[in-house]
Amino acid sequence: MPGNREEFDIEKVLKSKKLEAIETSTEKKAPYTVFESTDKLLLIIVLSLVGFWSAISSPIYFPALPTLTKYFNTTPSVMNISVVAYLIFQGIAPTISSNLADTFGRRPVILGSIIVFCAVCIAISQTNVYWLLALLRCFQAAGIAPVFAISSGVAGDICTPANRGGMVGAVSGLQLAGNGIGGLVGAALISGFHTWRAIFIFLAIGGGVTFIFAFLVLAETSRRIVGNGSIRPKNVLNKAVLIYLPHFKNKITNDYSTLQPKGPFDILGPFKIFFQKEVFCTLLPSGMHFAAWTVSLTSLSTELESAKYNYSVMKVGLVYLPQGIACFIGSLIAGRCLNWYYRYRKNLYDKQMNDVPLNDRPPFNLVASRLTLTIVPLAMMVIGLSAFGWCLEYKKPIISIIISTILISFSASVMMSICTTMLVDLYPKQSGASASCVNLMRCWLAALFTGVLDKIISALGLGGTYTLLTGICLLTDLGLVYVLYTANQRFVNYVSPNQTAVNSDAEDY
């Protein structure tokens with residue numbers, strides 16, 4: 001497979017970007033996208049709403065776990081299987097469907113995902129046996145999970161690297177807010193309707209309303225189908241009602257020069273990206289941060305409802321709210337900072353290379369312009385995670401637990417935004433597939449640690465467990481140091497093609 005590995009090499013990607021910039025620098029180019037700021041805002045709203053149901057579907061289930069354990073007359077460890085299974089399928093599904101979206105368009109895959117999600121939610125609300133509940137949760141995850149990766153693909157379609165971070169941050173912030181407030185919503189539904197079935201009826205209704213909205217206004221953005229947005233899609237599934245309105249109709253100029261060539265459907269595409277050494281070292285810490293956040297949410301509901309705190313379901317739900325807000329704010333701040341820092345480093349690069357011919361310039365250090373910002377979320381995760389475990393262990397005041405969950409959720413959301421943006425930058429033609437790698441790593445790690453959480457707590461206690469998780473986070477964070485070092489060395493040791501030719505001639509002489 002050496003040929004496939006070369007195809008997805010980061011260094012090759014960066015060099016190709018440099019050559020592309022040189023070739024087109026003197027040409028009059030069509031705009032990167034015809035989507036204006038209002039169009040992008042509408043897309044952010046639609047994608048955020050769709051992704052919200054994907055994000056909320058996992059944590060909304062947590063407050064119901066004690067109730068479901070009693071209802072199905074089973075044990076907490078057996079009940080956790082449904083949580084782990086959900087996370088596994090949430091990770092696997094986007095690696096397949098994101099390729100479908102890259103090949104056949106974003107719109108039909110998103111709409112199909114919502115339909116499957118709604119149908120499964122209705123089925124779960126009528127379930128009376130545990131094995132069927134666990135099975136249907138797998139289908140629920142597989143149905144709606146792809147929208148996270150596809151949303152990042154849309155950002156790659158309509159945003160340049162200079163402003164891509166802002167859109168990824170805004171969309172992922174609104175989506176991950178569902179992950180933050182899911183516990184509160186689940187607790188409110190159980191308390192208000194006195195049945196766990198209300199959770200899935202709520203999800204079905206919310207998903208159905210979102211489907212109608214998306215069906216009307218979600219425009220196709222895939223550059224393989226609509227180019228920069230100026231080409232009218234041929235397939236009816238890719239056509240939104242929106243494109244027939246005067247505001248959008250005037251932008252349809254059928255500029256086929258902006259159309260990307262269609263590639264074959266490659267089911268292994270995401271895995272070819274996933275197992276690149278530098279990509280894997282970036283995915284591992286971001287996935288570990290998300291996994292730590294997920295298990296902290298699980299412990300939060302279990303411990304606060306236990307005899308130690310004896311909180312009601314609704315009171316536990318309220319504790320979830322602050323970290324949900326922190327998650328949303330964190331992603332928005334990350335998006336702003338990514339845009340600002342990219343422009344700062346790009347301007348610095350342009351000034352340094354002002355007197356260097358285009359052909360002799362090293363490629364812009366795109367990796368450093370993204371990953372340098374990870375130092376803040378890394379520090380916040382270490383502080384928040386270690387404090388969370390020991391505060392629960394010794395039954396400290398609830399405010400200390402809330403503050404620690406704020407640090408954890410803020411850190412996880414910022415890390416997700418940074419790593420997702422970087423992968424979309426590196427693989428813009430496979431933006432959906434690259435973003436699905438983030439999803440795959442975060443969900444599989446979350447499934448792994450959720451599955452073994454009870455056993456680790458039994459052996460080490462809460463404080464020891466979260467201290468161990470802190471250490472694992474620190475260990476995986478070393479991967480980012482390696483990636484940054486490699487990127488900087490590549491920049492410092494760059495030899496231009498002209499210099500190579502001169503050296504070669506000198507040796508011949």
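One-based numbering along the chain as shown.
Using the three backbone atoms N, Cα and C, a Cβ is placed for every residue, glycine included.
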Check your understanding: With Swiss-Prot as the source, do G166 and L480 lie on the same side of the membrane?
Key -> yes
Revision key, fill the gap. Relative to the transmembrane segment (313-333), the stretch among 133-155, 170-190, 398-418, 456-476 with the most Cβ pairs under 8 Å is 170-190
Check your understanding: Counting Cβ pairs under 8 Å to the transmembrane segment (433-453), which of 42-62, 198-218, 279-299 comes out on top?
Key -> 279-299
Review point. At an 8 Å Cβ cut-off, counting only pairs 6 or more apart in sequence, do the transmembrane segment (42-62) and the transmembrane segment (198-218) clear the bar of 3 or more pairs?
Key: yes
Check your understanding: To the transmembrane segment (107-129), which of 198-218, 371-391, 398-418 is linked by the most Cβ pairs under 8 Å?
Key -> 198-218
Revision key, fill the gap. Counting Cβ pairs closer than 8 Å to the transmembrane segment (279-299), the top stretch among 371-391, 398-418, 456-476 is 398-418
